[in-house]
């Protein structure tokens, strides 16, 4: 059930764009075939996003091709340690043409805990999921907190939130978020220093 919720959450994070023509599709896996669609301002580039949820030896990947705003392209890539040995990772590839090159996913680093932690949470249909302690590893010294919602005709208003450890703060902010014609809203993008674990 956790994987089902996560897959749904990954699809929500990638907003549909609506004056360039780009390929449009979503799928579970590494690639998808779709149809060409006109983009509208501020979505001015074509993009391909690969998303992955990894937990221990298991992983699920999804692919999304769409129109994007240049601000989304600045993210490039992200790796969020959501705790419980689980990661959500993304690779964003933007280009002038419909075909975009992939950025491969490297293997997860075998990093050790670094003495810091962040609130960890992953929620769908809620902005206030129960938090747990996500133990940061390696170079992860920042805490990320993203909250938003997306309106669909069915099932309606879908809320989501994501919290965990990251190595650096993303360039994404509320000021450059894509609102997708009042369908997709980022309500909070917060990044701050991780919390040091208490000494035993």
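Cβ atoms are placed via backbone N, Cα and C, with glycine included.
For 1-19, the entry in Swiss-Prot reads signal peptide.
Residues or ranges marked as disulfide bond in Swiss-Prot (evidence: similarity to another entry): 22-46 (among others). All protein chains included, residue 22 (disulfide bond) registers 23 other Cβ atoms within 10 Å of its own Cβ.
The disulfide bond annotation in Swiss-Prot covers 25-32 (among others). In the three-state DSSP scheme, residue 25 (disulfide bond) is classed as strand. If you draw a 10 Å sphere around the CB of residue 25 (disulfide bond), it holds 15 other CB atoms from the protein chains shown.
For 39-67 (among others), the entry in Swiss-Prot reads disulfide bond, with the evidence type similarity to another entry. Under DSSP, residue 39 (disulfide bond) is assigned to coil, being neither helix nor strand in the three-state scheme.
Of all Cβ atoms in the protein chains displayed, 16 besides its own lie within 10 Å of the Cβ of residue 73 (disulfide bond). Reduced to three states, the DSSP call for residue 73 (disulfide bond) is helix. Residues annotated as disulfide bond in Swiss-Prot, with similarity to another entry given as evidence: 73-94 (among others).
Over all protein chains present, the Cβ of residue 95 (disulfide bond) has 14 other Cβ atoms lying within 10 Å. Residues or ranges marked as disulfide bond in Swiss-Prot (evidence: similarity to another entry): 95-100 (among others).
The Cβ of residue 118 (disulfide bond) lies under 8 Å from the Cβ of 81, 134, 136, 140, 142, 143, 144, 163, 164, 165, 194, 195, each of these being in the same chain and 6 or more residues away along the sequence. Taken from Swiss-Prot, the feature disulfide bond applies to 118-143 (among others).
In the shown protein chains, 28 other C-beta atoms lie within 10 A of the C-beta of residue 136 (disulfide bond). If you look up Swiss-Prot, you'll see 136-165 (among others) marked as disulfide bond, on the strength of similarity to another entry.
DSSP assigns residue 169 (disulfide bond) to coil in the three-state reduction, outside any helix or strand. Counting every protein chain shown, 15 other Cβ atoms lie within 10 Å of the Cβ of residue 169 (disulfide bond). The disulfide bond annotation in Swiss-Prot covers 169-191 (among others) and rests on similarity to another entry.
The N-linked glycosylation site annotation in Swiss-Prot covers 176 and rests on a curator's inference.
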Inset, instruction - Pull out the disulfide-bonded residues from the set 22, 95, 169 whose C-alpha sits within 10 Å of the C-alpha of residue 73 (disulfide bond). - result: 95
Legend entry - Coarse DSSP state, helix versus strand versus coil, of residue 32 (disulfide bond): coil
Legend entry - Whole-number Å value for how far residue 46 (disulfide bond) lies from residue 94 (disulfide bond) (Cα to Cα): 6
